[in-house]
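So the structure is just underneath, and the comments pick up after that.
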Amino acid sequence: MGNVTVIGAQWGDEGKGKIVDWLASRADMVVRFQGGHNAGHTLVVGNETYKLSLLPSGIVRGTPSVIGNGVVLDPWALKAEIEKIAAQGLSITPDVLMIAETCPLILPIHRDLDALREDASGAGKIGTTRRGIGPAYEDKVGRRAIRVCDLAHLGQLDPLLDRLCAHHDHLRAGFGWPPVDRDRLKRDLEGIADFVLAFARPVWRDLDEARRRGRRILFEGAQGVLLDVDHGTYPFVTSSNTVAGTTGSGSGMGPSAAGFVLGIVKAYTTRVGSGPFPTELSDEVGQRLGERGHEFGTVTGRQRRCGWFDAVLVRQSAAVSGITGIALTKIDVLDGMETVKICTGYRIGDKTYDYLPPHAADQARAEPIYEEMPGWSGTTAGARSWADLPAQAIKYVRRIEELIRCPVALVSTSPQRDDTILVSDPFAS
Ligand code: IMP
């Protein structure tokens, strides 16, 4: 029994929540290793719906859960999320939630900067979640972040603030904003320190111990491979590495920790925010996908852009992220369509491509080359075995497998946990 890493193989929002919840109920530990509260995972447990942004999904079932060093942590958002979950009857204690002492903090000044830059960028704006994710990661690699461990040494904040403010005050002045209110920032940090420190630990040691004891660890990715800062549709990406290769560096484990890499793949494509999207549909088919798939962002409530399945992009995601098998989600949204299309290549100018070239201008001009298949009239919703699926739906799934060069490990046919066709168990592989 090895570890499992779950990542989105498109632009996020592939329906990771349900799959992660199912796997988390069988894992000994759940670990978030990148991103922050820009993520949005919806978990339906019994009659209760939980919406998590920062907390690892294991928390809902009491599985020990880790926020790794690769995450950027907004302590006030953490407190609000824990209080929200508590109001739903779940108390989050330090036995269940462990936070890496080396996590960089997202501060109010990061949120300010995210919004200021987006507002000033005109047509070049990225469409971020405005949660300060990018600026917080910049400060981390710029070596001026305040980290969780700094909350235990509040008397020594001044040199850190000197370095941080020297940078931010210039940026803010450029936007016509006043310098950072250092006293207020200090007071805010003093006010939240004890709350965060109660969960802070050298989590790398807990994870090492878990590994030595043969415990099953589930790594829970956020966003998707196409939003990866290196491999995604740059610059329209998030500021972290979302690929499975980040599990080790983002948690404090070795490179082999990832185990079975399960790529979550939606049976069509969606995207929130700006950036290229070759198979986007601005007609009534796209609208229908959005309505039937309830395609609204969990975090920002923004309407998601919708389009046909893009096999070129998913094949690329599978390659750069070492995906072992995929979980295909939301196939029921395609029920009743007369025909379905799959993108198998792009035409850019007079050239054709079987991958997405890296330049944003080429990506923006990429015209999809489609393969068309008949749709199916029966329903896939609630199917629990291949025999429950219409023959044409099975052909669609098999064609996807062929085109992306990756096997299907499971097919999810509704938000309910049991409505799943299990082909191979990631934990048993
Ligand atoms: P940021 O992560 O807030 O900087 O946003 C950068 C880009 O990533 C924007 O296009 C966001 O819409 C997108 N993004 C960030 N988090 C998620 C997510 O959890 N799901 C889908 N898109 C996301």
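The backbone N, Cα and C atoms fix where each Cβ goes, glycine too.
Curation plays no part in TrEMBL annotations; they are all automatic predictions.
Annotation note: D13 (active site, proton acceptor) sits in a coil segment as assigned by DSSP. The Cβ neighbour count for D13 (active site, proton acceptor), using a 10 Å radius over every protein chain in view, is 28. The active site, proton acceptor feature in TrEMBL is assigned to D13.
Under 8 Å, Cβ to Cβ, and six or more positions away along its own chain, H41 (active site, proton donor) finds K16, G17, V20, K51, L52, S53, S57, E220, A222, T298. Residues or ranges marked as active site, proton donor by TrEMBL: H41.
K140 (active site) falls within a helical segment according to DSSP. The active site annotation in TrEMBL covers K140.
According to TrEMBL, the GTP binding site annotation covers 12-18, 40-42, R304, 330-332, 412-414. In three-state terms derived from DSSP, I331 (GTP binding site) belongs to a helical segment.
In the three-state DSSP scheme, G40 (Mg(2+) binding site) is classed as coil. Contacts of G40 (Mg(2+) binding site) defined by a Cβ separation under 8 A and a same-chain sequence distance of 6+ are given as D13, K51, L52, S53, G297, T298, V299, in order along the sequence. Residues or ranges marked as Mg(2+) binding site by TrEMBL: D13, G40.
According to TrEMBL, the feature IMP binding site maps to D13, E14, G15, K16, N38, A39, G40, H41, T129, R143, Q223, T238, R302.
The substrate binding site annotation in TrEMBL covers T298, V299, T300, G301, R302, Q303, R304. Counted within 10 Å of its Cβ, the other Cβ atoms near T298 (substrate binding site) come to 16, all protein chains included.
Selection of the binding-site residues K18, Q223, R302 by a Cβ distance under 6 Å from ligand 1 yields, in sequence order, Q223. Q303 (substrate binding site) falls within a strand when secondary structure is assigned with DSSP. The binding-site residues considered are V299, I331; of these, V299 has the fewest other C-beta atoms within 10 angstroms of its C-beta. Across the fold, the C-alpha of T42 (GTP binding site) and the C-alpha of G301 (substrate binding site) stand 13 Å from each other. Among the recorded positions listed here, namely N38, T129, K140, Q223, Q303, Q223 has its C-alpha nearest to that of G15 (GTP binding site).
For G12 (GTP binding site), the Cβ neighbour count at a 10 Å cut-off comes to 30, with all displayed protein chains included.
For the substrate site, the Cβ centre of T298, V299, T300, G301, R302, Q303, R304 serves as reference, and the other residues of the chain with Cβ at most 8 Å from it are G40, V272, F296, G297.
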